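TrEMBL has this to say about the protein:
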- B:23-62: DNA-binding region (DNA_BIND)
- B:97, B:98, B:99, B:100, B:101, B:102: NAD(+) binding site (BINDING)
- B:87-187: domain 'CoA-binding' (DOMAIN)
DNA sequence: TAGATTGTTAATCGATTAACAATC
DNA sequence: TAGATTGTTAATCGATTAACAATC
C-alpha cells in the first residue's frame, strides 16, 4: 500500500519564464553543435546574460535536470527543453492569407526545421487558388473549416488584411484548432478559451523602437516641464 | 530671482510600461475615430484589460494629462502619446535584404501611415539591384554606408539571411543610424551603444505558442513525476 | 455645490537575486 | 576526499493594485 503525495494545485509558470525558454533552447542547440558536453548555470549566465540563479530557478519549474558538482548535460537539457516547448512533435499548420507576408512565411525554412509544417494555404483571390507556394497548395478560404477538421491541424497562421481578421477568426473558432498565430494588428477575442492566440504585432515592435530612439529627447523635455519655479523665500 | 527645483536623476520608465504604450496609442486612435471626446481610466480599463490604477500610473510617468472629475481628453492624450512614442516626426528607414520577408515589409502600408518611411532597399543579388519594390529602389549592399550617411536615415530594417547578419551589423555600426529593427534570429551585439536594437524573433513567438499548446499535457506529466511514494508509516 | 476622477502614496504581490545546505 | 555546483529557501527588488486626498 502506498500514499500519493500530490500537490493540490498546479503552480503556473510565469510568462517571463516562458519567454526565456526559447533562449535556453537556442543556446543549448548551439552548444550541442559545438560538441559541448556539459554546462553550468554560471557558464549559461555568461552566454545568455541572465543570472545563474535565475537560470536555476527557471529550469526548476520543470524538473531537476542538473547534477551537483557537475552542472547540466547539454544534450539532455536540450532534449528536456525541446519537450517542454512541445518541439518533440510535428505541428501541422495552415496559413490564411497568401499576401506578401504570408508568402514570406511559407517560404521560410526555419519553421519546418523545428517541426512546424505548413500543409495548406488559403486565400480568397481566385487567381491564387489552385497554385502552390513552396510546394504548398493554395485553397479557397471556403474550405478552411473542412480542411482543418479532416487534417488535424494544430495551428493557423493568420496573415489576412485586418478587415478579414474577425471573419477568419470566426471560422477558426468552429474547428478544433489549438492555436492561432496572429500577424494582423487586430486583437482577436474568442469565446472558446481552448484556442490560444499568439500575437505578432509588428507595428508595436516598431513603436517600441521609436520610443527608445526618442527617449533622450523626451526626457530632456520632461525635465524642463517638471521644473518648479518658487519665489525667493 | 528664482530657484529651480530639478530632480537630480532621471527615473527610467520600465519596459513593461513601454510595451503598453502602443496599446494606449491604438486604443485612443480608435476612440478618436469614433469621435469620443473624453475617456476615464475606468473606461480605458474596460477596453484594454489593464487596471484603471495601472493606466493612471503608466501615464503619470510622462506627465499629468488628465483632469480630476473629467478624465482625459482623447485627442490631447492621443497626441501626447504619439509624441512620447516619437510618432510626431517622420522616420526615414532603409531595408536590407530583399527576400520574401523584406519585400513583404516594403509593401506593407501600415508603416508609412505612421511616419515610418522606407526610402531604399539593399541586396546583394545583382538581378534585383536597379529594380524597385513598391516604388522603392533597390541598391547594392556596398552602398549602404554611403547612403545612410548622405540621407540621414534613422532606422535600418534587417531582413537578410542569418549568415549575413553579423556583416551587415558591422556596416551599420559605422554609420549614425539610430536603431536596427532586426528580423534575423541572430543576437546582434554592437560596441556602439547608441545604436538601439529591436528584435523580432518570429521563431521565439512560435515556440511560445507551442509551449502553451503543450502546457496541459506537460503539467500532467510533471505532476506524475513529482508524486512521491512513501511506505506506510 | 456634489459627484467624479485624477495624481500619488501606501500596501501587496510576484519576480529576481542571494545564500547555503545537500550532494555529486 | 575536496571542490564544484545544484536545488531551494530566504531576502530583496520592482511592478501592480488599492486607497484616498486633492480638485475639477
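Glycine is treated like the rest: Cβ placed from N, Cα and C.
Under 8 angstroms separates the C-beta of B:100, B:101 from a C-beta of chain A, among the binding-site residues B:98, B:100, B:101. When each of the binding-site residues B:98, B:99, B:100 is scored by how many other Cβ atoms sit within 10 Å of its Cβ, B:99 comes out lowest. Proximity of residue B:102 (NAD(+) binding site) to non-local residues of its own chain (separation of 6 or more, Cβ distance below 8 Å) is seen for B:95, B:96, B:121, B:123, B:157, B:159, given in sequence order. Across the range of the domain 'CoA-binding' (B:87-187), the DSSP-based residue counts are 35 helix, 29 strand, 37 coil. Computed over the domain 'CoA-binding' (B:87-187), the whole-number mean pLDDT of the model equals 97.
The DNA-binding region (B:23-62): residue composition by secondary structure is 27 helix, 2 strand, 11 coil, according to DSSP.
All chains included, 25 other C-beta atoms sit within 10 angstroms of the C-beta of residue B:97 (NAD(+) binding site).
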